[in-house]
């Protein structure tokens, strides 16, 4: 087990390195940090561009540029934005904002998917199963932003009416300026109110596909011989389903969830746009791609790649923990 | 399987010695059904799948035959009828902020979205099939190189790759451009599916037999392996088509999809309508529901086909 984990960690490091190279190649081909000067009127003299190119190291060989960026990134320095501020500082703060949404969404989606999937499998072809199936199909077929707009429109308004004050917020990740003077409970309850709707809209879309998956995995397990044996030797039904059934049915879901992290990162970009969050998504779209800022996009892509690779690693290890039959060698 | 066996027996004389096919009255007449016929029958009897198919065909008719009946042109702008609600001033579903007819827009949007899906499938299906087939059939280093490459691309969220690539081509804000970009990056999961199918299929006896008869690699792949993997291919195509429609809508919403002037798609209509949830709800609901119904029907067809190919219902989309 220990050596298995070590070997997987080392393999993941290599995957990340290769991924960073691919990402760098994509960005180097896509973005020109000087583009904002090309359209300036009057156009700056050619010597100005030459100086900038020399200063930013754009004249270097591609591999040299990659090495310069990578060695910086390894020490936590993602370079500077085109406005001259360090990327890593901004990225860190925004990662915290987006991270709390994504993590919470994963937790909600997994718990709901397992519960709904198991209920759907145990009560197969009962009304509750049909209801959940219908709901899942509906959610899978919805674009994130349309669903989020409905949440904003009906859920937020309805809940706020019930409480008689603004409980759920539809814009921003916190009340602007609140973090300057408030702290502790006041700040975090405000953030929680802002967090609910984006998280729900992000979570429900992943939940839909995952619950279908969990249902079929559970159905597979429920039909197997060892379940009948466990019942035959007199174990109570609940215990059979939970200990013998669920534990085995969770194994396929770990992989699916780990692979879904990338999709969640992409979905978070849209959710942030809908709810006007100042997180990673806005950073990518506005500061990165909007301003042709290669370092911002590179930093973003590297962070998301780290998340995806780490979650794949966790899934591999969890896989081995949940299923002792997996050969570790 | 059982039916073909029964058919083979039925072809033999029911009594030993009786002439074959000599007009013997048989108690049971069994007709042989090919595998394909069985699959089609299973699909036709699947209520959910057929509902999806009927709805989808109706929507296609709405998009492609509708403009013949309802001849208003979407591009026509009417400054006298801006943002009129449904049913007034001769606009059955209302009009948008610059006085374009929403019903005509929906018809055109369905057309354009179908174009995007078609482009996506035409590009992504051969690419994914080729990569997956090469990796799964030849194995060893070909497999390692191709699949590691696929894994690497998958470390970055697909939506973000699409955004970065699309930002390079400002002129591709048309259904054509979006369809091509979606196709160029949409084959990754197909390659994985085809590879895993080929890995198990190439160990089968009939492949060994084909080898022994001197069949070339390409003959084995095209004549033996691909037909046997056809089920997964068709299922992937339908489900990926639904995903492509949603991806197009998401890209358009973020400003990297069908955002060019005078360009339409369902995603464009939906993302424009999101700005008008309360003020002009018809612009929000009609395109959104059309998109929902189209994606839902395609998904139902896909699930119906999967059940028809694989009645044990083991494979489920993740």
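Placed from the backbone N, Cα and C atoms, the Cβ positions cover glycine too.
The compositional bias 'Low complexity' annotation in TrEMBL covers B:1-11. If you look up TrEMBL, you'll see B:110-302 marked as domain 'ABC transmembrane type-1'. Residues or ranges marked as region 'Disordered' in TrEMBL: B:1-23. Summarising the annotation, TrEMBL assigns transmembrane segment to B:48-70, B:115-137, B:149-169, B:175-194, B:225-247, B:282-302.
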Any chance you could find the range in B:48-70, B:115-137, B:149-169, B:225-247 with the most Cβ pairs under 8 Å to the transmembrane segment (B:282-302)?
B:48-70
Other parts of the chain folded back onto the transmembrane segment (B:115-137), taken as Cβ under 8 Å at six or more residues beyond its ends:
143, 146-147, 150, 175-176, 178-180, 182-184, 186-199, 201-202, 217, 220-221, 225-226, 233, 236-237, 240-241, 244-245, 248, 258, 265
Chain residues outside the transmembrane segment (B:149-169) and at least six past its termini with a C-beta under 8 angstroms from it:
131, 177-178, 181-182, 184-186, 188, 191-192, 247, 250-251, 254, 256-257
